[in-house]
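Participant: If you scroll down you'll find the structure; I have some questions about it.
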Amino acid sequence: MAHNCLQCIKYLMFVFNLLFWLGGCGILGVGIWLAVTQGNFATLSSSFPSLSAANLLIVTGTFVMIIGFVGCIGAIKENKCLLLSFFIMLLIIFLLELTVVILFFVYTDKYAQRDLKKGLHLYGTDGNIGLTNAWSIIQTDFRCCGVSNYTDWFEVYNTTRVPDSCCLEFSENCGLHSPGTWWKAPCYETVKVWLQENLLAVGIFGLCTAMVQILGLTFAMTMYCQVVKADTYCA
């Protein structure tokens, strides 16, 4: 009976980690594609220049692939060391995610806006194509301009000017026209409202991610205990 239970957990964990590994491959692929085609896309913060969507996806995909591989081999080989390593790595990732969530809520509006405004000064400069692309896309898609106001750009250009992505109707050098032709909504508040409106979807995604990781931790520890019992029984 115990042997049959072990075999069942073994194959369930193998399938789980195979899917985990394939998911990591997909995330890594998207990250590499973004890095090649868009530069450091979605780098908005000057304090964290490496914190781009591409880099985050590449790092996340790599870790997921490694964890999934260790889990697959540990399950098939019924190796206690690999199973325990898988459990510890997945637990570390889970705790890191909790830390990021906490930091996200601690990252106050005042500090976030100040940091984003510093990032505006890197817009259009050499080596900052990711930040430039990110601001252009956000201002175009969310129909906003600047962090707290379109006047944020006046300090960047030292004149009454905004990027062309701020224009109601895009055209070459339209950012030099009168303020009446620019979006007036602040990007920080606009994106914040959008996130609040989609909080349910974000919450469901986060909850599903947490449940998958808890399931992986449960599989790993259960199988580890079963392998230990089997070894003790055989001894």
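The backbone N, Cα and C atoms fix where each Cβ goes, and this holds for glycine too.
Note that this is a predicted model, so its numbers are computed, not measured.
Below are the features I grabbed from TrEMBL:
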TRANSMEM  12-36  transmembrane segment
TRANSMEM  56-76  transmembrane segment
TRANSMEM  83-107  transmembrane segment
DISULFID  Cys145-Cys166  disulfide bond
TRANSMEM  199-220  transmembrane segment
Participant: Have a look around Cys166 (disulfide bond) and count the other CB atoms within 10 A of its CB, chains all included.
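Facilitator: 26, counting other Cβ atoms within 10 Å of Cys166 (disulfide bond).
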Participant: Near the transmembrane segment (12-36), which same-chain residues lie under 8 Å Cβ to Cβ, leaving out any that are not at least 6 residues past its ends?
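Facilitator: Apart from its flanks, the transmembrane segment (12-36) reaches 53-69, 71-72, 74-76, 86, 215-216, 219-220, 223.
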Participant: Across all chains shown, how many C-beta atoms besides its own are within 10 angstroms of the C-beta of Cys145 (disulfide bond)?
Facilitator: 28
